[in-house]
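Residues or ranges marked as ATP binding site by TrEMBL: Gly16, Glu17, Ser18, Gly19, Ala20, Gly21, Lys22, Thr23. Residues annotated as domain 'Myosin motor' in TrEMBL: 1-138.
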Amino acid sequence: FFCNRDEKNQSIIVSGESGAGKTVSAKYAMRFFATVGGSASEANIEAKVLASSPIMEAIGNAKTTRNDNSSRFGKYIQIGFDKRYHIIGANMRTYLLEKSRVVFQAEDERNYHIFYQLCASASLPEFKELGLSKYLHL
């Protein structure tokens, strides 16, 4: 985000162990910026960015021995502000996806959530259009 005092881009780094609440903390930060801006449009932008979270979680989260919904990738969220410090957009990037989980899971752990969601939907008519049936041995 942009800081008026220094007129330079600023960063907030949220780090911690698995299950420490990093994703929730990032959501609180986004809500803070949207609230401080005071405009309804910022709340809409925040809602749109946060609405992408369940999709991102399905693709990049998995059950681990420490957390049933553990993020297996890093997130970089870039928030854009106008000259009045109102949110005008956001961009979410992911990095460092734990690729090894696709082919191996430790005992009591699971693959990415999306894998199980695809398996559960394999009997739906829409699934055939995805062309994934040959990859699932159900």
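Glycine residues also receive a Cβ, built from the backbone N, Cα and C atoms like all the rest.
When the domain 'Myosin motor' (1-138) is classified with DSSP, helix, strand and coil residues number 57 helix, 26 strand, 55 coil. Within the set of binding-site residues (Gly16, Gly19, Gly21), the lowest number of other Cβ atoms found within 10 Å of a Cβ is recorded at Gly16. Per-residue pLDDT, averaged along the domain 'Myosin motor' (1-138), amounts to 77 for this model.
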